[in-house]
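Comments concern the structure below.
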Amino acid sequence: GASIGDVVSMNNLSYGLALWSVSAVLGPVFGPLLGSIFAQVLGWRWTFWALSWISGLAFIVLLFLLPETSEATILQRRARRLRLLTGDNRYTTKAEQEYANFTLREFAYESFVRPFVITFTEPGVFFLNSYTALIYAVMYSWFEAFPLVFVGIHHFNLIQTGLSYFGIMIGATVAAIAFCSAMYFYLAPRLQRGAPPETIFRIALFAAPILPVSLLMFGWSSTASVHWIVPIIASGLFLLGGYTVFQVVFNYLGMSYPRFLASVFAGNDLFRSCFAAAFPLYAKAMFVNLGGERFPVAWGSTLLAGIALLMVLIPVVLLILGHRLRSGSKYAN
């Protein structure tokens, strides 16, 4: 996210973040399909071979071809090059002068501590990170819920189960198109005329209620008497709302904390990734222990829907009070 902010102008940051974010959704969704094909046709070990090939290729490409995007680092390298060519030590940069007297402790603070400080001392950042963590966690919990529904109830094979995740992919794609359209035709003109960053939460007011509704729809339609397409549609609706909320959060953080964009996005990434990593470890137990034979994931989904319903208050409160929180912050613009 910070690299997108480096190479895309502030006016187009929303579209860059939208394209970057949709890949973060489509990747995990495409994974079960690819893995299920290899596992069913060639055996489960081939899922690891395929992942190794993809990861290895990405590593090689990024290691040799990924360019530096930080303006301060690019200028610092240019100044160093000029000093070597000319022998004139007057070539320097503002960043070099600022970091000249930096101690190891100060460097460690900037690199490793500040993301935590901003996350836990800025109320707006903390609650927005919590919101994205919930969305991410629910999406990853479906890697446990889908087999319970589509294998246990509808008796899908591995490939069919992998295909069931395509509802999420369609929902995210539709949401990306809708969000970019809303930004271009509605929000961008207002922000360019000086509207505060909190204006973007107006989109979240429409998207946030979709989350609890779609969770309830998924949970209570996951039964033998309901066609399998209904829970797939529900998962797509969840991403329609969840992806939009993601974009609202990313854009708000980008507009409110441009000086500390890397730290803010690093804190958000760590926060939601920890939830996403932990949630599948107990998600199956939650669904199984709360569910019954007829509705195996209904009460677990209802619990998540209740939490998502409470989270709807976050964009409402920030729309009203966000500017006050920013005015009292030493990190926000």
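Glycine is treated like the rest: Cβ placed from N, Cα and C.
Residues or ranges marked as domain 'Major facilitator superfamily (MFS) profile' in TrEMBL: 1-326. Under the heading transmembrane segment, TrEMBL lists 12-34, 46-66, 124-143, 163-187, 199-220, 226-253, 260-283, 303-321.
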Which of 12-34, 46-66, 163-187 contacts the transmembrane segment (226-253) most, counting Cβ pairs under 8 Å: 163-187
Among 46-66, 124-143, 163-187, 199-220, 303-321, stretch most in contact with the transmembrane segment (12-34) (C-beta, under 8 angstroms): 163-187
